[in-house]
Each structure stands twice: as structure tokens, then as C-alpha cells.
């Protein structure tokens, strides 16, 4: 996920009220599905929320009480765990059925690879936790905070997919970008800890940052979008295709903004080191 920006603006009460209300509605909906309709397969959503809330409390009690540091540390944990889960799901599927059939429309749309459903549920719980944490400590900025909109869109897309048990594998592929998020969060924590010299380790960090940004975020999301467009005629008349295309359009736009921010940050750090030398 993209890095967070702190500092709510004046008049942000209306903004926070809207996103808080949507989060409450989401929680009521998930609780109804699990508790009333007996959808026990959705339990990892609640487990994910509780796990990352507990991780937040642990970091706050033992490392730092700075809300941005705590939030970033928990986000790093999510990116790491999600990356491992996604890699496991993909490698297991590759060994089980081979690459030949993995990316067929029927496989991506109507089926769920081993572990994919639970992994998606767990990440869905994380995004709900993170939305709550950012609202609680106002870790956002702007009249229409991009990070809150990002999380709201993901919660809608993920939850509808989980309810209907469709496009699960598409969404697992979209989570490959968490590999890049690892290095985004590492960089932010490094700078917050005071390690800002442009040394060999930082250069390696930037190489990994750019490599995963291009491979795991830009290329991966473009390929998913291309697959959705080429297979558009295979979708039914439901909401799945428009919602998927809307979500990927948002992700691709976010990647452009993120790439520009990364380039500015890289240039700034390199120039600072040159001035020190």
C-alpha cells in the first residue's frame, strides 16, 4: 500500500465522519454475514483486524508512541505477511497445476486458489484496521484524502468479491504490489529513525525499491488491466467487470502519483548527500 501522510486539514470533520460512517457500515455488514448468515469462511476478516490492532498496541507499548511510526511499522508487518502469503499461493498453484492454466479467465474469475480466500480475508481485515487507525490519529490530509479513498475502494472491492466468491484470484494477483510496499515502509521507518545518509545500504534499498515498484506494482497492474480488457466479453452482465476496471484504473493512477513521489524523494536524498560530500 502507499505511504501515509499525516495532518488533517481544517474542516476535516466532515471528511472523517463520512469515512467513519462507511467503516461502521462495513463492520455491520461483515458482522451480519458471519454472525447471522453463518459465513464462517469470512472469520479471517475479523481475525486480521484483531491481529493488526494487537500488533499496533504491541509496537505502541514497546517501541514508540508516535502514531505515524506505529502505523508504518504495522503496515510493514502487513506487507511482509501478505507478500509471503501471495508468493505461497502462486508457487503452490504453479506446482500443482502448472502455469498453463493459472491465468485462464475461468481460473481467475470463478475459482479460488488454495489459501487465496483466507489471505484476501486477512488483508481485508488489515485495511479496515488501517482505516480506523488513520481516522483515529488523523494520519491523512486533504479534503478528499487519497489514502482513505484507496482503503475504501479496496474494502468495497475485496468485500464484494469475498461475499460472492468471485475474482478472488484476480485480487490475489493485485496484492503482489505489497512486495514493493515493504521497501516503501522500510524507507520511511529508516528516515524516522534518523538514518538518512545515502550510503551503500541505502543505495541497495533504492535499487530494490525501484525494481519492485516496476515489476510488482506497475507491470503487474498493467497486465491485470490488460487481462480484464481482453477477457471483457467473458464476463457476465453483473457488476464484477465495471468494478474491477474501476479499481484497476484507480490503482494505475495511484502508481503514476507514487512513481513521481518516489522520483522526487530519490532525487532529494541524492542531492542532500552530494551537498554533504
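Backbone N, Cα and C define each Cβ position, glycine as well.
In TrEMBL, the transmembrane segment annotation falls on 168-186 of the listed ranges 92-110, 168-186.
Of the listed segments 44-67, 68-91, TrEMBL assigns transmembrane segment to 68-91.
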